[in-house]
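What follows is a short report on a single structure.
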Amino acid sequence: MKKFDRERVLLAVAGPVIALAVAFVLSAIVLLASGKSPVEPYTLMFEQIGFSDIQVLVINQASMYYIAALAVAIGFRMNLFNIGVDGQYQLAAMMAAIVGAHVDLPAAIQIPLLLLTAVCTGAFWSGIAGVLKVTRGVSEVVATIMLNAIATSVIAYLWLPDVFGVKVGNNNTTGEMHESGWVPGINMGDAGEIYGLVFLAVLLGIAYWVVLNRTRFGFDLRASGASESAAAASGVDPKRMVLTAMLLSGGIAGLAGLPILLGDTHTYSLNFPTGIGFLGIGIALLGRNSPVGIAFAALLWAWLDKASPELDFHGYDKEIAVIMQGLIVLSVVVSYEAVREWGLRRQQRRVGAELAAGHVLGADNNTTKEVAGR
Amino acid sequence: MKILYGMQKPDEGTIAIDGEKVTFSSPADAIVRGIGMVHQHFMLADNLTVLENVVLGSEKLYGIGAKARRKIKEISERYGLGVEPDRLVEELGVAARQRVEILKVLYRGATTLILDEPTAVLVPQEVDALFDNLRELKAEGLSVIFISHKLGEVLSVADEITVIRRGTTVGTAVPAETTPRQLAEMMVGSELPTPETAESTVTDRPVITVDKLRLEAAGGKALLDDITFTIHAGEVLGIAGVEGNGQTELVDALIGLKGADSGTISLIDEEITGWTTRKRREQGIGYIPEDRHRHGLLLEAPLWENRILGHVTEKPLAKGVWLDPKAAQEDTRRIVEAYDVRTPGIDVTAASLSGGNQQKLIVGREMSHKPRFLIAAHPTRGVDVGAQAAIWDHIREARREGLAVLLISADLDELIGLSDTLRVIYNGKLVADADPATITPEELGSAMTGAATGHLEHDENAEPGADTPEIRKSPEAPEDEAR
C-alpha cells in the first residue's frame with residue numbers, strides 16, 4: 001500500500017513538472033525564433049525573486065489569483081465550468097466598495113459586512129447561471145460568459161455620477177470607503193505591505209480541502225464530478241448539486257477582488273485589476289484543483305506577472321511572460337491527460353501482477369482460497 | 001478480441017492468417033485481411049433501410065444501387081440469413097438486426113467472423129436459429145470465433161474451444177469429449193456452482209408493493225404500464241424479458257431515478273413513491289445496478305471511496321455531516337475479506353479491479369447496510385464463474401434472512417435457479433408469470449417474445465410456448481396475477 005501512495009505522489013507531481021518543462025522549452029524556442037537569448041530572460045526573472053518588494057507584490061497578487069482559482073476549482077470538481085468568475089468578482093468588489101463608501105459601522109461589523117456583500121453578490125451572479133442550467137438546461141459556460149458581459153455593463157452603469165459613481169479627474173470611482181472597512185496589512189518596511197486578506201485566502205484553501213475531503217457534501221460533490229450517473233444512483237440530487245456548486249463557486253469568486261480593495265485601493269475604479277477570473281481558470285488547471293497545487297500555481301503566475309516588467313529594462317518584451325502563461329495552460333491540459341491515463345493503465349497492470357503473485361489483501365487468514373491466475 | 005480486430009496493438013506475440021504473419025493498426029486493416037466483427041451492441045442506423053446500412057462505408061464495393069441489392073440477396077440466400085434489403089432497420093427485431101450485422105460483415109468480404117456474446121440479447125429459439133446460420137457459414141468455409149460465457153451454447157456450436165481466464169489461455173477442449181462441468185471447471189479452476197435455491201424461504205410479509213405503476217417517455221409513450229407486483233420477505237422475484245422491454249425503467253422507478261407518472265410503490269407499510277433516491281437507500285433499498293461502471297462505481301476513485309458511494313449518510317461512514325474516512329477504510333477492508341474481493345489494497349482505483357471483483361465489492365457494499373429490499377439488475381453479468389457463485393450465495397443467504405429481492409437477468413438459468421416467483425416483462429408490461437420449479441428456458445423464451453401470456457404452465461406434451469392463460473392460485477404467488 002505504501003508503494004501505491006508513493007506512486008500517487010509521483011503521478012501528482014509528474015503532470016505539472018512535465019507541463020512546466022515543456023512550456024519553458026517552448027518559450028525558449030519563441031525567444032530563439034525572435035533572435036533573442038533564450039536563457040537571459042529567465043535568469044533576469046529568477047533574480048527578481050530575491051528582492052523583498054517583488055516578494056510582497058507576488059504574495060499580494062497570488063492571494064487574489066488563489067481565491068479566484070479556488071472558485072473555478074469548485075466548479076471543476078463537479079464538471080461545471082464557471083467562466084464567469086471574472087464578472088462575479090468585479091461586480092462583487094464594486095458592490096463591496098459601494099457599501100463600504102455608504103455604510104459606516106465599527107470595523108468588527110463593517111469588515112464582515114463587506115465580505116458578506118461580496119459573497120452574496122458573487123453567488124447571486126453565478127446563481128443566475130445555475131438557475132438557468134437547472135431549470136432550462138442552459139449550458140453554464142454560455143450563461144456565465146454572457147453574464148460577464150452583462151456585469152461589465154452593470155459596472156459601467158453603477159459608475160454613473162447620478163448612481164453611485166464619483167468622478168476623480170478622468171477616473172471613475174465609487175468614492176473612498178470608510179476607514180472602518182479597511183483591512184490593515186502587515187508592514188514589511190520598505191518592501192511594502194502584505195494585504196491582511198492574504199490570510200483569508202489561506203483560510204479559504206483550508207476550508208476548501210476540509211469541505212471537499214471530509215464532509216458528506218464534499219463527497220457528493222466529488223462523486224457528481226467523477227460520474228454524474230453514479231452520483232445520481234447514489235442519491236445525489238443532480239440539480240440541487242449543480243445549483244449549490246454554482247452558488248459556492250460564485251460566492252468564493254466574490255471574494256477574489258477584496259484583498260486589494262480592502263487592503264489598498266479602498267475604491268472601485270477604472271484601475272481595479274481585471275481578468276483575474278480568467279487567469280484563475282489556468283491556475284486551477286495547473287494546480288489540479290488541489291488547494292496546495294493551486295497555491296503553487298498562483299505564486300508562479302504572480303511571479304511571472306511581477307518579475308516580467310524588469311525584462312523591459314533589458315531589451316526584452318515583458319509579454320514573454322504572457323506567452324509562457326499561455327503555453328503552460330496548453331501543455332498542462334495535454335500532460336495531465338497523458339499522465340492520468342498512463343497512471344491508470346500502470347496501476348491496472350500492477351494490480352494484475354500483484355494478484356498473480358498472490359499478494360491479496362487478507363490472504364493470510366483464508367489461504368485455502370484460490371489465488372488469481374493459478 | 002480488440003487486438004484481433006485491430007483496435008488495440010499487442011505488446012508481444014503474433015497473429016497469423018493463412019500462415020502469414022500480419023499486424024493491424026486499425027480495424028480497416030483487419031477488414032482488408034478478411035476479419036469481421038459483430039459487436040454485442042449493434043451499430044446500425046435505425047432510420048435507414050437494411051440496404052443502406054449494409055453499403056454505408058463500403059459504397060465502393062458494389063455501389064449503392066441494384067448491384068448492391070443483388071449482392072445482399074445473394075449472401076442472404078447463400079447462408080440462409082433471410083435478410084430483406086428494403087426493410088427499415090427500426091422495423092426489425094433484435095435477432096433480425098443481428099443477422100443484418102452478420103451480413104454487413106460478410107458483404108465486406110470477411111472470411112473470419114468474430115461474434116462477441118451474440119446470444120446475450122436473444123431468446124432460446126433465436127439462439128437456435130443463429131446457430132443454424134453459423135453452421136451454414138462454417139459449411140461455406142468461413143471461420144467463426146464465438147465468444148460467450150454460456151457453456152451450453154459454446155459446446156453445442158463450437159468445433160474447438162479455447163478457455164481464457166484472466167487474460168491467459170488456460171486450455172483447449174473438444175466439445176464432443178467435454179461436459180459443461182469440465183469446461184466450467186477449466187474456467188473457474190474449481191468446482192462449478194449452480195444457481196439452484198434449495199428450500200423456499202418465502203414469508204407472507206410483503207416488503208415491496210408496486211401498484212399500477214406507469215412511466216411515460218417524453219412523448220407520452222408508455223415505457224412501463226400497469227406494473228403490479230408484491231415481493232415478500234425472503235422472496236426472490238425474477239423478471240424475465242428481452243432487454244429493452246422496460247427493465248431499466250422499472251429499476252430506475254424503484255430506486256427513484258425516474259418519477260412514476262402514476263401508480264404507487266410501498267416499502268413495508270410506507271408509501272415511498274415520492275421519496276428521493278437518497279431516502280430510499282437510507283431506508284433499506286439496496287441496489288446492484290445493471291451497468292456498474294455508470295451507476296455503481298467511481299472508477300478513478302480508490303476502493304474505500306467507492307465503499308462510501310450510495311451510503312454517504314449512513315454509519316459507519318459518516319458522523320453527522322462529517323465523513324469518517326478511517327471507519328470507511330476499516331469497513332472496506334472487512335468487505336474485501338468477507339466478500340473475497342481480489343485486490344492488493346483498498347487504495348487502488350476501482351478501475352484496476354476485474355469486473356467480477358468490482359461486482360463483489362458492490363454486492364458487499366449493498367449487503368453491509370442490511371437492506372430490506374434489494375434490486376439486483378444483472379448481478380452476475382460479465383462476471384467470471386467463480387465470482388458468480390459467490391454472488392449467488394450472498395443473495396441466497398440474505399434471502400434466508402428475510403430479504404426481498406427483485407432479480408432482473410438475461411441469464412434464464414440464473415433467473416429460474418434463484419427466483420421464487422417469475423414474471424415476464426414485454427413492452428413495458430408484465431405479461432406472464434411462471435413457476436420456476438417447473439418452467440424451462442424455452443417456455444420462458446416464448447413469453448419473452450410476447451408469444452405467450454398469462455400463467456405459463458409447464459406441459460410435457462404441449463409445444464414449448466403454448467398459450468395457457470390459466471390463473472394459478474397458490475399461496476406464494478402474489479394475488480395480483482399478470483395482466
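Backbone N, Cα and C define each Cβ position, glycine as well.
Through the fold, the transmembrane segment (A:9-34) approaches residues 41-42, 286, 288, 290, 293, 296-297, 320, 323-324, 327-328, 330-332, 334-336, 339-340, 343 of its own chain, all at least 6 residues removed from its boundaries and within a Cβ separation under 8 Å. Annotation source TrEMBL lists transmembrane segment at A:9-34 (among others).
According to TrEMBL, the transmembrane segment annotation covers A:54-76 (among others). Here the transmembrane segment (A:54-76) has Cβ contacts under 8 Å with residues 48, 82, 85, 88-89, 122, 140, 188, 191-195, 197-198, 200-201, 204-205, 208, 221, 225, 245-246, 248-250, 252-253, 255-257, 259-260, 263-264, 273, 276-277, 279-281, 283-285, 287, 289, 291, 294-295, 297-299, 301-303, 305-307 of the same chain, all six or more residues outside its ends.
Residues or ranges marked as transmembrane segment by TrEMBL: A:88-105 (among others). The list of residues near the transmembrane segment (A:88-105) in space but at least 6 beyond its ends in sequence, with Cβ under 8 angstroms from a Cβ of it, reads 68, 71, 82, 113-115, 117-119, 121-122, 125-126, 147, 151-152, 154-155, 158, 164, 174-178, 180-181, 250, 253-258, 261-262, 266-268, 272, 274, 276-277.
Summarising the annotation, TrEMBL assigns transmembrane segment to A:111-132 (among others).
Positions annotated as transmembrane segment by TrEMBL: A:141-160 (among others).
Summarising the annotation, TrEMBL assigns transmembrane segment to A:194-212 (among others). Counting same-chain residues at least six beyond the ends of the transmembrane segment (A:194-212), those with a Cβ under 8 angstroms from any Cβ of the stretch are 56, 59-60, 63-64, 66-67, 70, 73-74, 77, 115, 183-186, 188, 218, 221-222, 252, 255, 258-260, 262-264, 290-292, 294-295.
Per TrEMBL, the feature transmembrane segment maps to A:242-262 (among others). Sequence-remote contacts of a segment are chain residues at least 6 beyond its ends whose Cβ falls under 8 Å from one of its Cβ atoms, and for the transmembrane segment (A:242-262) they are 60, 63-64, 67-68, 70-72, 74-75, 77-78, 80, 82, 84-85, 88-90, 92-93, 96-97, 100, 111, 114-115, 118-127, 129-131, 133-134, 140, 177, 181-183, 195-198, 200-201, 204, 217, 221, 224, 268, 272-273, 276-277, 280.
Taken from TrEMBL, the feature transmembrane segment covers A:320-339 (among others).
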